[in-house]
Each structure stands twice: as C-alpha cells, then as structure tokens.
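Straight from TrEMBL, the features:
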type     : residues                                      : note
SIGNAL   : 1-17                                          : signal peptide
BINDING  : ASP60, HIS171, THR173, GLU332                 : Mg(2+) binding site
BINDING  : ASP60, ASP337, HIS341, ASP378, HIS379, HIS454 : Zn(2+) binding site
ACT_SITE : SER110                                        : active site, phosphoserine intermediate
Amino acid sequence: MISPLLVLAIGTCLTNSLVPEKEKDPKYWRDQAQQTLKNALRLQNLNTNVAKNVIMFLGDGMGVSTVTAARILKGQLHHSPGEETRLEMDKFPYVALSKTYNTNAQVPDSAGTATAYLCGVKANEGTVGVSAATQRTQCNTTQGNEVTSILRWAKDAGKSVGIVTTTRVNHATPSAAYAHSADRDWYSDNEMPPEALSQGCKDIAYQLMHNIKDIEVIMGGGRKYMFPKNRTDVEYDMDEKARGTRLDGLNLIDIWKSFKPRHKHSHYIWNRTELLALDPHMVDYLLGLFEPGDMQYELNRNNVTDPSLSEMVKTAIKILNKNPKGFFLLVEGGRIDHGHHEGKAKQALHEAVEMDRAIEQAGTMTSVEDTLTVVTADHSHVFTFGGYTPRGNSIFGLAPMVSDTDKKPFTAILYGNGPGYKVVGGERENVSMVDYAHNNYQAQSAVPLRHETHGGEDVAVFAKGPMAHLLHGVHEQNYIPHVMAYAACIGANRDHCASASSSGSPSPGPLPLLLALLPLGILF
C-alpha cells in the first residue's frame, strides 16, 4: 500500500517543479489576457457571409468534463503539463451551451438528441428522425410524424453531403440524418419485432440505402447489417458475431451500387489500405464500412484495416469539396460515449483527442470565410476528475492524498455510477494494487451498474465561420440545425437570402448585413 506521506510528498514535489518559469512572472498572464482581449474585440466585425460549407462535429458523450480532461491528455501526449494546452475547439471564437433533455427524458439518449441537433425538433428517447408524437417501439406511430434533417436540406439545395462516424453508420447519431424510426435499435430487420415488420416499418440500414440515395460519402462501421443472415464477413471469417444479420436476404451493398449513375465513380471499400489508395478526385460516391459493428477504439485500432477518424475526414472533404455549391458533413466521434459507458476513461479520452485531430484536419482544408464549423456533444456522462491534483498530474493518475475515511488512495478520474464499483474484503478496492494506467482500466464508481449512464447537464457548443455568432448563449439543442441552415441559406428559413447568384450559391440579403451593424445583445 502506498504511504499517505509519500503520496503527499510526491504531490508537493510535482507542484513545485511543474510551474513553468514564465508563469511565475505576472507579465506573462497580463500579456496573455491583453492578447485575448484584442482577439475578442476583433469579433465585433461579424462574419455574415453565406456558409458554402457546413461541418458538424459531434462528440458523443463529450460533456464539459470530458473536454477538459481531453485537453489535459492532449498536452500530456506532447510532453506538456496539459492544463494550458488548447484543443482545436478551444480556438473557436463562439461558445454556447445546449440543453440536452429529450421530450420525455430529463437525462437524454443519443437518438432523441440527434433528432434535435440534426432535424431541429426535440423528440422522445430512443427515436430518430421523428417528432415526439412517435412512441418508442411503436411502429404505427411513425407515419406522418417524420421530420427531415439538415443533411436532407443540404442535399435538396444541391450540396454534396457526407456522414463519417466511428460507430456503426446506422447507429443513433448518423441515423437521424437520414432515417425515421420508432426505435434506434432497429439496425437491420433482424432486430425488429414481427409486429413492426408487418406494419411496414423499415430497418435503419435499409433506410440508409433508400431514403436519400445519393449521399456522396458514408464511412464508419456496421458492415454486418448490410448482408444476408449468416453471410461470412470479409475480415473476420471465423467470427459468428461478425456475420450478416439481414432476414430479408438483401445485399444492401449491391443495392447501393445499383442506385449510382453508371457515368459516376462509385467505390465500396472495407479497409484502410483501400481508403488511402483512393484518388478522391476520381470518386463521386464512397461507401466505407470498416468493421462489422462499431469501429475499434483508437487505442486498439489496426493501422492496416481501420482508418482513423481524421483520415476519414480528410478523404471525405476532398470528395465533397468538388461540388461548387458546397457541402454538409456530419462527423461523429462516437466511441467517446462507449468508453465512458464501459468505465474506460482512457479509451474515451483518447477518442476525444482523435476527434480533435479530425477538427484540426478539417480546419486546414477549409476557410472560416465560407465554412461554418460547429462542434458539440449530444449529452454528457457522470464522469469527473478532481482530488486536488497538482499541476501536470497524469490525467489518469492518483490524487495526491488518500481518503480520510477509508485511508485508501483514489484516482483523480471517477464515475458517479458504472462497472468500476468494486468491493474487496468488504471494503473499497485499493487502486494502488491494480494497473490504473491500463487502457481498459475501469475507474471506480459510486454506484454499481453494468453500464455507466449519461449525465444530464448542458453541453458546450463551439462555432466558427459564417454566422457562428448566432450560437452565443444557452440554447435548446434543437436550435443548432436552424442556425446552420440559416447560415447556409438552406431549409425553410431563407427569407434573408438574396436570389441565387450565377454560381447557384445564395448571397447575403439585407438581414445579415443588419446583423453586422447592430450589437448582438439588441437582437438576441
């Protein structure tokens, strides 16, 4: 067992040694604040351009505590203390808060929230692409209650569209972009009850291929839901869980290919090697399914078979950027959420850092003059870190003291509930006896659950580019796609847009110009 005095001595040593010399000088902090003030003053010149492109980054489960911890991890991966590091999203000039509750849930799920931030309408827990009039699992409440997404609005305006995710492409977040389902778990017809099938409801994978047939880029996992039941997987030929699931016998990959015009270049790929070999200038449609289910965690990723999120984003933008009318791209760092549910904070935070790399990648390929980029989360988690840790303490490390109740050490990272609850000999497990730095270590939790739960607090919204200033306070989550659509002059609210220019792209009408002249507080 680690001595309490030793832990305290180590903490004191770290505190003294990890304060950079420049930070001991008050001038450093004053100069930094003055530069930040100058940057803020420049924001008075509002960017009221029309957003030719819109990119939405969705960190599934990326609550504020996760953002902060990921920031520290990013710095520590670059051999810095970490706290002073800036994530790419930290550099965005506008920040808001989003209220995440579902219409029937105080603490939400990823389906109802996806409907809100993609379709502009709050919905019930567990449902995607439908209004709150649809009850979960009740197929017969779906018809007439469908709501469309900003991806559909962009496509209808002539823009190219894409979906990139580290989960299954028919998981909750991406499915709200194209599907209308009373249950998020209806991945294929194999997961649907007979009653729903008999009433005519279609599974989400089927809807991906049929509802919006000309989505230019689809990348993520979910291969098994596209193939007939028991079809052997191309990569895991001995794994029964990787086999096809479809009861209707359809091969949705073949159907996807059949919908594409013969004079267009369509590519279905299933591994990283194929992705990197593509010439994006010669690709009109891309379907990349890199795993039977969700993609591997970034820490576990096979560099031959599985691309990183940033690699997928790079290819997606190269393909979508060819459209002179612009594009809409949804990017989901979906396994942040999974890491937290499993109590594996290290997995979750490395997923968040990889999403930040993807945000940086997108930033190098686009301009704030014509591209609105929004980064947010669907919900939070009961994830926290504390314990008076000293500057530069490993984000996965121990607090500098032991509990004054059970006299045992504890990690800075803890969960309110989850699978990390462990009792040994009638007492809380002594974490000094286990490898708490392991990739799959499950941080201790206060309440035992097989799966840790979401958190109900507001999440952050970061924005840059045209009309980003419209994300500026505490908003209902369903407000977000209305801002993106307004900025891009797509969807129903286009009264502020002038008639289309010769290139087919709208130009700002009088209202955006008025916004640039009036103080933001007066209007909002």
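Heads up, the Cβ atoms here are built off N, Cα and C, so glycines get one too.
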Field: Near-site residues: Zn(2+), ref ASP60, ASP337, HIS341, ASP378, HIS379, HIS454, CB cutoff 8 A to centroid
entry: GLY61, ASP109, SER110, ILE336, HIS340, ALA377, SER380, HIS381
Query: Which one, from the binding-site residues HIS171, HIS341, has the smallest tally of other C-beta atoms lying within 10 Å of its C-beta?
result: HIS341
Query: Who sits close to ASP378 (Zn(2+) binding site): which same-chain residues at least 6 apart have their Cβ under 8 Å from its Cβ?
result: LEU58, ASP60, GLY61, THR100, PRO108, SER110, THR113, ALA114, TYR117, THR173, VAL459, GLN477
Statement: Same chain, |i - j| six or more, Cβ under 8 Å of GLU332 (Mg(2+) binding site); the result in sequence order is PHE57, LEU58, GLY59, ASP60, ILE163, VAL164, THR165, THR166, THR167, THR173, PRO174, GLY220
Message: Just to verify a number: CA distance, HIS379 (Zn(2+) binding site) to HIS171 (Mg(2+) binding site), in angstrom, no decimals.
response: 15
Query: Looking at Cβ-Cβ distances, which residues of the chain lie under 8 angstroms from HIS454 (Zn(2+) binding site) while being 6 or more apart from it?
result: GLY61, VAL107, PRO108, ASP109, HIS379, SER380, HIS381, VAL382
Query: What is the number of other Cβ atoms found within 10 Å of the Cβ of ASP60 (Mg(2+) binding site)?
result: 28
- request: Please report how many Å separate the Cα atom of HIS171 (Mg(2+) binding site) from that of ASP337 (Zn(2+) binding site), as a whole number.
  value: 12
